[in-house]
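A.B. asks: Before I ask anything, let me first share the structure, which is written out below as structure tokens.
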Amino acid sequence: MSNKRPNTTDGRTDLANGSLSSSPEEMSGAEEGRETSSGIEVEASDLSLSLTGDDGGPNRTSTESRGTDTESSGEEKDSDSMEDTGHYSINDESRGHGHSDEEDEEQPRHRGQRKRASRDQDSSDDERALEDWVSSETTALPRPRWQALPALRERELGSSARFVYEACGARVFVQRFRLQHGLEGHTGCVNTLHFNQRGTWLASGSDDLKVVVWDWVRRQPVLDFESGHKSNVFQAKFLPNSGDSTLAMCARDGQVRVAELSATQCCKNTKRVAQHKGASHKLALEPDSPCTFLSAGEDAVVFTIDLRQDRPASKLVVTKEKEKKVGLYTIYVNPANTHQFAVGGRDQYVRIYDQRKIDENENNGVLKKFCPHHLVNSESKANITCLVYSHDGTELLASYNDEDIYLFNSSHSDGAQYIKRYKGHRNNATVKGVNFYGPKSEFVVSGSDCGHIFLWEKSSCQIIQFMEGDKGGVVNCLEPHPHLPVLATSGLDHDVKIWAPTAEASTELTGLKEVIKKNKRERDEDSLHHTDLFDSHMLWFLMHHLRQRRHHRRWREPGVGATDADSDESPSSSDTSDEEEGPDRVQCMPS
């Protein structure tokens, strides 16, 4: 952690330096330059837990006074202890030259004691600032606007035709989420979940190379089959308007495959339709198309795939920053304008492309880019592990590793600042997912390395729900039901968990303060010991990979698995470079 002085101007403080900040628009250029990804910047609007978003009130005054105290302690730390040394020298000279040798020996000891006292005071101030922030984030929430009983009466009287739609977006239901049941059928980490359009089936993919289609209400698998992949299945999605008969899949082996399902509840075959030279983490579906979708890979390539063609895949773009390729972890199609799609990966930029206007000779084909301004020139290399569009395409949500979650207005111009920031979770160990929840994208939901699920109210950035989602320690995948107030989650555990608003009372967020503080401390410590972090990541990655190889060895024998339609016609990305094999591959490890 840097020893930069906190600034209390206008009541702003960077929490990593012991202070709070108001909004991105109010930050000066100098302050933005000082902000680092290792710290949690807290806007005053985030600290206010009222839905009005009022910056005023008594909390403001106390925050400013705390910021002043922190600044004074920060000045002591900055001196550490040049000013102290000068002070001691002046005192020594005033004593004259007649002091004893014993006094000379005691002076360094006194200096050390002063330094330790200064460091202890600074640590105490940081802890107090952290405690103040956590307390403000977890105070009582105001009364929700949507009330169940009045809404039920209106429905009975025929004046509320959209009861279910409104109920799914009501905070009171989200605060009553409780684990309903688990779906057990995998023998490895579950990396992907996807509901079909009707919401009756749920597809899951795993490190065990299997895909299972669940009747999640009856808690029974409808069918399960070998994916045909040779390594961890990262995504499996029903193609829309296909009668639930086609599943698209991608995996660590770089393959993009399609499974054809029959009405007799079996998988007829799987075939490879594209090949990345690097892991492929995500697919992007067009909302109404049963034949076309996009894939993105760590080789920086985006393929467009049309199942009606003899050669389904064609290269759409190679993502670059200047001349350097940027490996991709995530891709999403704008639901309101399917010509546009957004990608994120091994750097800090959200890139938006328009398929009709891609010219790699002009701005590398990019329509526009977004990035939190404090991360543009940050020394710590931030990666985007997941991004999603809102239901109407007006907003874009991006989750950064070892950082926070940011909301952008997708209609803003190139280089625009984020509009909201969501804090408290930890995104470090795996490629963490993020999603909107609610029919109008009213909430933001994310997993965390601490094994918990966090739900924020989108408008106020307040944590409104906090659930233990994974005993294995990491929650990666979160899939809202398309029509009901139901959430499916998965992670390092080998099961799928189904959540519904069946609790008798709203959550009390028990243990949230301790978890948030622990997450922030760990993030700060990792930022100070980046080399040790990389070593631990590499060890974790190698151990996990060796376990998976032993487990899957039997599936690698000839003749085992789905039919292999891997003809040479399936295109592969020839665009690869040594740049892609750096430590960033481990910074955003897949599960």
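The backbone N, Cα and C atoms fix where each Cβ goes, and this holds for glycine too.
Copying in the features that Swiss-Prot gives for the protein in this structure:
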- 66-100: compositional bias 'Basic and acidic residues' (COMPBIAS)
- 118-131: compositional bias 'Basic and acidic residues' (COMPBIAS)
- Ser22: phosphoserine (MOD_RES)
- Ser23: phosphoserine (MOD_RES)
- Ser100: phosphoserine (MOD_RES)
- Ser123: phosphoserine (MOD_RES)
- Ser124: phosphoserine (MOD_RES)
- Arg198: omega-N-methylarginine (MOD_RES)
- 185-224: repeat 'WD 1' (REPEAT)
- 228-269: repeat 'WD 2' (REPEAT)
- 275-315: repeat 'WD 3' (REPEAT)
- 323-363: repeat 'WD 4' (REPEAT)
- 379-418: repeat 'WD 5' (REPEAT)
- 426-466: repeat 'WD 6' (REPEAT)
- 470-509: repeat 'WD 7' (REPEAT)
A.B. asks: Using C-alpha atoms only, work out the spacing between the residue listed as 'omega-N-methylarginine' and Ser124 (phosphoserine) and round it to an integer in Å.
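C.D. replies: On Cα coordinates alone, these residues lie 54 Å apart.
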A.B. asks: Taking the repeat 'WD 3' (275-315) as the reference, which of 323-363, 426-466, 470-509 gives the largest number of Cβ pairs under 8 angstroms?
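C.D. replies: Selected stretch: 323-363, with the most Cβ pairs under 8 Å.
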A.B. asks: Return the residues near Ser124 (phosphoserine), defined as same-chain residues 6+ apart in sequence whose C-beta is under 8 angstroms from its C-beta, sorted by sequence, else 'none'.
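C.D. replies: Listed in sequence order, there are none.
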A.B. asks: Could you pull out which residues elsewhere in the chain have a CB under 8 Å from any CB of the repeat 'WD 1' (185-224), counting only those six or more residues past its ends?
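C.D. replies: Same-chain contacts beyond the flanks: 230-238, 240-241, 244, 247, 249, 259, 261, 265-267, 472, 476-479, 481-484, 486, 488-496, 498, 548, 551-552, 555, 561, 590-591.
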A.B. asks: In the same chain, which residue numbers or ranges, 6 or more beyond the ends of the repeat 'WD 4' (323-363), come under 8 angstroms Cβ to Cβ?
C.D. replies: 278, 281-287, 289, 294-302, 304, 316-317, 369-372, 375-376, 378, 381-389, 391-394, 396, 398, 400, 408, 410, 431, 575-577, 579-580, 584-585, 588
A.B. asks: Including all protein chains shown, what's the count of other C-beta atoms within 10 A of the C-beta of the residue listed as 'omega-N-methylarginine'?
C.D. replies: 10
A.B. asks: Using DSSP with the three-state reduction, classify the residue listed as 'omega-N-methylarginine' as helix, strand or coil.
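C.D. replies: In the DSSP reduction, the residue listed as 'omega-N-methylarginine' maps to coil.
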